[in-house]
Amino acid sequence: MQQLLDTAEKIRTMEIRGAGRIAAAAARALRDYVEMLETSSFEEFVAKVEKAKSILIETRPTAVSLPNAVMLAGSYDAETVEEARSQILDNATEFIRNADTALDNIGEIGAKRLRDGDTVMTHCNSHAALAIIKTAHKQGKRIKVYATESRPRRQGFITIKELSDAGIDTTLIVDSAVRYTMKNVDTVIVGADSITVNGALVNKIGTSQLALAAHEARVNFISAAETYKFSPSTLFGDLVEIEERDPEEVIPSDKLGDIPGVKISNPAFDVTPSEYIDLIVTEAGAFPPQMAYVIIKEHLGWELKKMG
Ligand code: RUB
């Protein structure tokens, strides 16, 4: 259990971050926990596995990749401990393998949308979005990237390091320079923490500003998202919870004394409506956001309830 608790803590504190990475880390933690779980009582096994799943799911509320990973990796239909254990080990291993392959496929599919000489803008640090940019670069296309700083956690610094290590022409901009810079951009590519059944994109705070600026400037806006980033429960009316993080990420606590009474709001994600999204690139194909239900039904196995 200690190892699983350590992973949960790393996700909570963002030592492990990004919707894809937290999904794979959760699947791995669950797999290792189940492998070591010592009990011959099926009831005890079920209770402990379900507890472990909720510990992982409760670490961060917005990325649906987390509950989806736990659901896909941790599913079993068994009556004995050994049967359930073996099914979870297989499912978790398959989830982790598929997650890796998905990034390669997203890279291949998305790179077809970039032309030699294109300029891309990206936000935060998304492995899926970077897979597209890096694949296009590997194909010999000359791609230039504007990466936003992404305050307050500055994940943009991870992005610019990754892009410059790959030899890609990269420029860092502050978040407030998005609209000013958009005139130089051909395509915006961002990741996804959740995509709802109506095709809305939940991603790092500020994503919707990129989308609005892109829309106004007639610039393409693409989200790169593995199919496990689609949110099945939004089909039944659930809303995606937007994580509110510690004000200390915005302003250090020793400075707060200078501004008594001032409140700090630190939402970590925002919502971009589907009308601002041209394309969602998944490992299963690239399609408009209006097709979100198809993914929820065919890849995640949830569908509308039949009446009567
Ligand atoms: C990360 C973020 C990323 C998505 C997709 O937020 O918003 O765009 O998670 O990332 P945080 P990926 O840093 O708060 O986790 O494509 O790597 O899954």
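Cβ atoms are placed via backbone N, Cα and C, with glycine included.
The substrate site recorded in TrEMBL includes R17, G18, A19, G20, N203, K204, K229, and the single candidate from R60, R85, R97, R142 that the record places there is R60. Residues R17, G18, A19, G20, R60, N203, K204, K229 are recorded as binding substrate; their most distant pair of Cα atoms lies 14 Å apart. The CA atom of N203 (substrate binding site) is located 5 Å away from the CA atom of D193 (active site, proton donor). Most buried of the binding-site residues G18, G20, judged by other Cβ atoms within 10 Å, is G20. Residues from the binding-site residues list (R17, R60, K229) with a C-beta closer than 6 Å to any atom of ligand 1: R17. Secondary structure at A19 (substrate binding site), taken from DSSP and collapsed to helix, strand or coil, is helix.
Put simply, D193 (active site, proton donor) is 8 Å from G20 (substrate binding site) when counted between their Cα atoms.
A helical conformation is recorded for K229 (substrate binding site) in the three-state DSSP classification.
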